[in-house]
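*Asks:* This is the structure I want to talk about, given as structure tokens.
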Amino acid sequence: MEQQPSVPRSCTNVARETPMNLNIQSTTGTRYELSVPPDETVDGLKRRISQRLKVPKERLTLLHRETRLSSGKLQDLGISDGSRLTLLPSVEAGLMSQMSRPEQSVMQALESLTETQVNDFLSGRSPLTLALRVGDHMMFVQLQLAAQQSGASHLQHRHVITRGAEAGASPQYRTLHTSTSALSHLASCTPGSTPPTTLSPTASTHRDGPHSSPLTTSVFRSHGEGVAVSPCAEQVPCSSRGTEGTSSSASSRSRKPGAIIESFVNHAPGVFSGTFSGTLHPHCQDSAGRPRRDIGTILQILNDLLSATRHYQGMPPSLTTLRCHTQCASQARNPKATSPQSSEPQQTTHPVGHCQAQTRTCKPSGDRLRQTENRATRCKVERLQLLMHQKRLRRKARRDSRAPYHWMPTRKSSRTSSNSSTSSGEGSLEIDFEDSLWKPDVKAELNSEFVVA
């Protein structure tokens, strides 16, 4: 007798977990059914409808029994299984809708993504392409997160952790399979011919802080890992950069959530590419430290990347400059890794001298670009100074025109400044109009009428 009440309880639990079927009917005649969980909210229902209709959810209006649904849970509003909802289209016209669309373009694009697209992007299987319009400019942004690495890359990552621990970093790291600490980059290259000893012995990896943990599936890369990136097509081994001071400062910064732009390449006018690394914010992670598979995680990554542009120091190098530095670093590192300890010093100094010669050839391009920008800035400053000087002269002429004229030098200077400021054809401020307009035999009482003109 005591087991009978447990049967309806299990039935009610199953009934609560079963989704509700809602009949959506629009005013244009479209009808379809939509299955939602029992604890679905109005905002979530609008998001599901917007994903199906490819319409922003801000332009959707739902009615239930002639009552507009704005917020709250569906069960609290009296909506149950089999309820009928009316969908009203929101029509906008004029310039107001065009001005408000750019502010909501990113959020609308993220909300239109399906769960499969979000999972593929966060796991690194597919890139995320966004078309943004700022004023009259159209920008195409493509983000690619590196996929989860395994095998040799896992061993390589573990070797970096070991060498970083020998350099004095904290030994508390997370493995690659549970929650990675070495978060990978956009274009990763695998050094196949170089031994593991060519990696930087002073590279320190990410420390696990109490409030932040790195993103799973290698979405970002560790702040302290000082490894430069080279394209895989060139087959150039990854070169190490950074010293003990920079690695220790980077490891201290890596505890804070956020992103850091590590490389930035200018391929052509208006075409840029680069790599970034960082740590995901704690509110985008679940209780196990894994990232949440929703658009909030993508939005947080975009915000971190945008805020990282303010802290990015240095001018974006060109593609040839980056390749030159990569080749120089690889040539300077290979003799040290292959030559024995008793090798002659001439063999190690020759590639370094060759590297310096290559860097000298790479410097003029950056210096020429810097000189061009300095010249353009100087021209702008001189133009602004000229405009300010002309404005100052016009203000002085306007002020002198309303003042009484008791002295001859004041009257002559005011007329000269007014004539020089109003003349637009000459463009010179040193023209003397006294010889053509002023005659010494004219009386001063008659001049007071046409001096101001």
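A Cβ is built for glycine as well, from the same backbone N, Cα and C atoms used for every other residue.
What Swiss-Prot shows for this protein is this:
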DOMAIN    20-94  domain 'Ubiquitin-like'
REGION    185-219  region 'Disordered'
COMPBIAS  188-204  compositional bias 'Low complexity'
REGION    231-256  region 'Disordered'
COMPBIAS  239-252  compositional bias 'Low complexity'
REGION    330-374  region 'Disordered'
COMPBIAS  330-362  compositional bias 'Polar residues'
COMPBIAS  365-374  compositional bias 'Basic and acidic residues'
REGION    390-434  region 'Disordered'
COMPBIAS  390-399  compositional bias 'Basic residues'
COMPBIAS  415-428  compositional bias 'Low complexity'
*Asks:* Let me know the model's mean pLDDT on the domain 'Ubiquitin-like' (20-94).
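*Replies:* Mean model confidence (pLDDT) across the domain 'Ubiquitin-like' (20-94) is 82.
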*Asks:* Quick check on the compositional bias 'Basic and acidic residues' (365-374): DSSP residue counts for helix, strand, coil, in that order please.
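*Replies:* Output for the compositional bias 'Basic and acidic residues' (365-374) reads 10 helix, 0 strand, 0 coil.
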*Asks:* Pull the DSSP breakdown for the domain 'Ubiquitin-like' (20-94) and write it out as helix, strand, coil residue counts.
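*Replies:* Helix (H, G, I), strand (E, B), coil: 15 helix, 27 strand, 33 coil.
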*Asks:* How many of the residues that make up the compositional bias 'Basic residues' (390-399) does DSSP mark as helix, as strand and as coil?
*Replies:* 10 helix, 0 strand, 0 coil
